[in-house]
């Protein structure tokens, strides 16, 4: 009898010890400089051979239709493999050929001609033609009653015209230099021969059960709440895949992702929870790499509120926050300080030659004093007896809450009384993004691989569009319009250098950092291009398992 | 008896109506909206198009009326998230939760009764204290935390058990694989109800042991085992049966957390999906089904109770 109790007690204490080890802070931060960009090339092996299965986590049931309003991130990672767009995210960061072999635009930029491949079959054997492209855009994307995903990228597209069986023209109302980039970003082509005459959102036999794509893998089985299994498409037009299968496991809990990676049940994903990095780094057979993505984190002050319109207030806040410290501690070093919105991955356009805001709380206090704020007895600043109190609304997702707490502390240090309200993601979007009923918020943008940030900063998109800070500046509007329409890279470079200088000076968003994606994968998984996980999915036909 | 059942049935209908009404208004008036509308990058036009399609431009009271009329006819509507019928989505998940619940009840009742009896017999001794102490610990440790620790120990470190999922079904079904998938969720879920069963059995047993008839049985020279397991335990178990009825709602809510941690694709994980994405029809459908299960299980327990204990004939 007593032995049994001894065993139980020792089991419980063992559990406590395991916890302490697993979550213990061993100090020091990740040094990921060696991991950056160095791809392990298998030089000794015999090269790739067919076979194997790769498991990827998704957080919810997918919808097998990239345009469907219910297709979120978990659907994108599957639809990218099942379907093809006209273009895809190139290994050099520029749009690369996919279903379209080549494209060109007219001198006035109003017509884009895409020459389609004539050797592509749908998974059911039907041939892919211009009809499918015309159907996808004319009947789905441009049909305003459907409210299709990503349709706002194509506001300037009037229609898609079939020139011949394998050529289409995109007719525009005004030039869109970013069109090939938009066509690579969750805008895959769906089959006309299945959708014609159907309600595209209610066709559950396709969207939830039996999708037909053109991609390197096709659906083998799908069990709601459990898994999606794709099998190799032996008829793929761009090099038949090595892997036999790709399995997407529905696992809602991020801790489970880490546990299953460590136990070998998952093979590759982008890690959201950076607090798990140390634990993963200590595992032998797992590779962990930082990858650049077109994303930036931001803090915003609602520009519809007069008090926040003074640029010196935004500059003071930039000086008050030690961004490098947040990057080092919370992001474990996976990120670099942002000064404008165009991320370093867009290397042809990115510049760091702009106004920079060092961590300098004295400078922040000076700027506040210049505006007319004086420190009161409580250590907070006030103007005409009114203390500067800002309510700070943040949605709970990933590290946002922890980051917000640090930001709050930095701002309190310079005398700004920040009240932090955290709320669930859905409520935050309703309040901040839709109602614009907020004073300060924190979040991030992920955008297509193009420097055109019109959607996020142009005054036309204030109040209702993605210009969430409601920022209005005619000079920036003019630059964004010029950059969006200019046809050559050289012209655009010049415009966006100027735009970045203006962004950094005026701070439509208070730019925080460009985060790196933390990509984790089993070492045996090879052939992954040096891209963010989401973009590497365009190349699943090149992935292989090392024998 | 018939009159009693009819009476209870009427009460249940009123209860059901109130639960659906409160839930409908709460979920609709809560901040946020269906995920397809409340997406960060969606434009105003995209949002409006979807609001129109989903019929969300109508006032809440009108929508509740429509929902109720359809629900009474057995139509729980279409899920916002998948465009599939709500009843189909629930029925595809319900069997997994029932499996988990049944195994949990089996495990926790059998272990709980044994520990409860030991604790009562050895009252005040070391065994009793250890069982009480462990019960308190079991009750205090959050099951999500313990679940994660189990995964770290048994899946990551020792690699004995799969960390998640319900195991292959259909043609690929294997009993051993299935049981291996069951172990951790059942143990964790049992932890949430086991201490109650132990303590309930213990107090019930103590009460019975001190009864006069037990003394009489002992006096006529029956063996101690016969006294305890034939005469005492049978009577002590009657109240324990009621608690199982009370535990079913708790198991269903405990399943929400357990299912999320272990990727068990039952109703619990569906509830999380429905609430997070504000899938109003799905939330309503699950509410109706769970309310129904709770009402029926309570009713059954009352009926069984009045059958096995002749003293409680006239419960009405």
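In case you wondered, yes, glycine gets a Cβ from its N, Cα and C as well.
Nobody curates TrEMBL annotations by hand; they come from automatic prediction.
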Give the range, chosen from B:73-93, B:178-198, that TrEMBL lists as transmembrane segment. B:178-198
What stretch, picked from B:100-121, B:133-158, B:178-198, B:225-248, B:282-305, has the most CB pairs under 8 A with the transmembrane segment (B:12-30)? B:282-305
With the greatest number of Cβ pairs under 8 Å to the transmembrane segment (B:100-121), the stretch among B:133-158, B:178-198, B:254-275, B:282-305 is B:178-198
Report the listed stretch (B:178-198, B:254-275, B:282-305) having the maximum count of Cβ pairs within less than 8 Å of the transmembrane segment (B:133-158). B:178-198
Outside the transmembrane segment (B:178-198), six or more residues from its ends: residues with CB under 8 Å to it: 99-101, 103-104, 107-109, 111-113, 115-116, 119, 131, 135-136, 138-139, 141, 143, 146-147, 150-151, 154, 161-163, 165-167, 240, 243, 247, 250-251, 254-255, 258-259, 261-262, 264
